[in-house]
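Okay, structure first, notes after.
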């Protein structure tokens, strides 16, 4: 071997053993894959993906946010022989499937891309609604609305969120807030539309009309959402679940699990709370829309701030604020007080929901965005499954004060774990993290 050849080999060896960047840093999520993210984030292609993902959340989580209307209808007409707890399991299991299957859809997104998964999930969602429109028994409603529709959501929601994270690096939290705000808009529109339709047409045609509305919207999402060109020709990555050992990811998942145990209590019970005070039932119905309308801004504005001061910093602050507001729930006894509570809680809780994705994506390399979000959402699925029944069991003996304190305190406890995750990234209190 010549001297020049050996010298070249010696120069190449260190490069092959280069240590990868720390995935827990903010910068690593943008550069750890070895390629830079798009230089211009708000390109026509990126905006198209943003719009498609917005439509996904509007049709999926936004429709799920209207379950309170279904709960009331089932109790009064369709499933009057079933208890409130039995009916609430439909909504709880729907949330469990919606988040629980994301561990699978997240891995498949990283490996095969979002388009086929979103097309599959869209077909499952529409099929589930058509089957729901034909259902007359409790088990049929459970299989279609709770199980099948929830599984369909898991195959459209996470691929959309993970793909948006690939397009946006510096403005990731803002972008995520924009697409998640689609669920807030859906939470405003779907309850009003369903309530009107239930009063004017049959249950079957109400659900079928909802399916016909979703069909073109999800079709547009299937056409719009695709990975950046730089990922199109890359070899399919092997399964990499190393992020589950990351202490930051562990603290984040535990914290969000605790927060989500109490997060949706005001969404589900603010209407019945207002009616229990003797207020107008028609006005009480619109409180759910007030909470969702406020969360529309809560999912966008904090994301804009988080891109500048850090995702974990903002998530910790809004989690604490959500817990404090929830603890003050029963202090609102007038119509004006309940409206103010609904606005404040919607603003704070909306930020918690929109920042879970950016916080998860921040801890891993770009090729693992789907898996990381799937890990977090799997924890949320368990909270969604047991959270509503726990709330119902607390409400019976302890009333709305007990429900308020449980929701607020469990969210405050969850914020402690968010703080631990934040300090694991950077110990300084006044630094971006």
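Every residue number used here counts from 1 along the chain in the order it is shown.
Placed from the backbone N, Cα and C atoms, the Cβ positions cover glycine too.
According to Swiss-Prot, the region 'Disordered' annotation covers 1-40.
The compositional bias 'Polar residues' feature in Swiss-Prot is assigned to 1-10 (among others).
The compositional bias 'Polar residues' annotation in Swiss-Prot covers 25-40 (among others).
Among the features that Swiss-Prot reports, transmembrane segment is placed at 47-67 (among others). Counting same-chain residues at least six beyond the ends of the transmembrane segment (47-67), those with a Cβ under 8 angstroms from any Cβ of the stretch are 90-91, 94-95, 98, 118, 125, 152-153, 156-157, 160-161, 163-164, 167, 175, 178-187, 189-191, 194, 210, 214, 217-218, 220-226, 267-268, 288, 292.
The annotation transmembrane segment is assigned in Swiss-Prot to 87-107 (among others) on the grounds of sequence analysis. Panel annotation: around the transmembrane segment (87-107), residues 60-61, 64, 67, 70-71, 74-75, 79, 117, 121, 141-142, 145-147, 149-151, 153-155, 157-159, 162, 239, 268, 370-375, 377-378, 380-382, 384-389, 392 of the same chain, lying at least six beyond its termini, place a Cβ under 8 Å from a Cβ of the stretch.
If you look up Swiss-Prot, you'll see 116-136 (among others) marked as transmembrane segment.
Remote same-chain residues near the transmembrane segment (141-161) are listed as 52-53, 56-57, 59-61, 64, 70, 74, 78-79, 89-102, 104-106, 109, 113-114, 117-118, 120-125, 127-129, 131-132, 135, 176, 179-180, 218, 221, 225, 357, 370, 373-374, 377 (criterion: CB distance under 8 Å, separation of at least six residues from the stretch ends). Under the heading transmembrane segment, Swiss-Prot lists 141-161 (among others).
Residues annotated as transmembrane segment in Swiss-Prot: 174-194 (among others).
Note on the transmembrane segment (205-225): residues 48-49, 51-53, 55-56, 58-59, 63, 114-115, 118-119, 122, 125-126, 129-130, 132-133, 156, 159-160, 163, 190, 193-194, 197-198 of its chain, located 6 or more positions outside it, place their CB under 8 angstroms from a CB of the stretch. The transmembrane segment annotation in Swiss-Prot covers 205-225 (among others).
Residues or ranges marked as transmembrane segment in Swiss-Prot: 248-268 (among others). Remote same-chain partners of the transmembrane segment (248-268), defined as residues 6 or more beyond its termini with a Cβ less than 8 Å from a stretch Cβ, comprise 24, 65, 67-68, 71, 91, 288, 291-292, 319, 322-323, 326, 329, 341-342, 345, 349, 352-353, 356, 359-360, 363-364, 372, 375-376, 379-380, 382-384, 386-388, 390-391, 403-404, 406-411, 413-418, 420-421, 424-425.
The transmembrane segment feature in Swiss-Prot is assigned to 285-305 (among others).
Per Swiss-Prot, the feature transmembrane segment maps to 309-329 (among others); the stated evidence is sequence analysis.
The feature transmembrane segment is assigned by Swiss-Prot to 335-355 (among others). Same-chain neighbours of the transmembrane segment (335-355): 173, 176-177, 180-181, 183-184, 259, 263, 266-267, 270, 273-274, 279, 283, 287, 290-303, 306, 311, 314-315, 318-319, 321-322, 325-326, 328-329, counting only residues six or more beyond its ends whose CB sits under 8 Å from a CB of the stretch.
Marked as transmembrane segment by Swiss-Prot on the basis of sequence analysis: 370-390 (among others).
Feature annotation from Swiss-Prot assigns transmembrane segment to 401-421 (among others).
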- Segment proximity, the transmembrane segment (285-305) to the transmembrane segment (174-194), 3 or more C-beta pairs under 8 Å: yes
- Item | Folded-back contacts onto the transmembrane segment (285-305), same chain, C-beta under 8 angstroms, at least six residues removed | 65, 68, 173-178, 180-181, 184-188, 191-192, 195, 266-267, 270-271, 274, 314, 318, 338-339, 342-351, 353-355, 358
- Query: So which residues does the transmembrane segment (116-136) touch in its own chain, when a touch means Cβ under 8 Å and the partner is 6 or more beyond its ends?
  - Reply: 56, 59-60, 105, 108-109, 143-145, 148-149, 151-157, 159-160, 203-208, 210-211, 214-215, 218-219, 221-222, 225
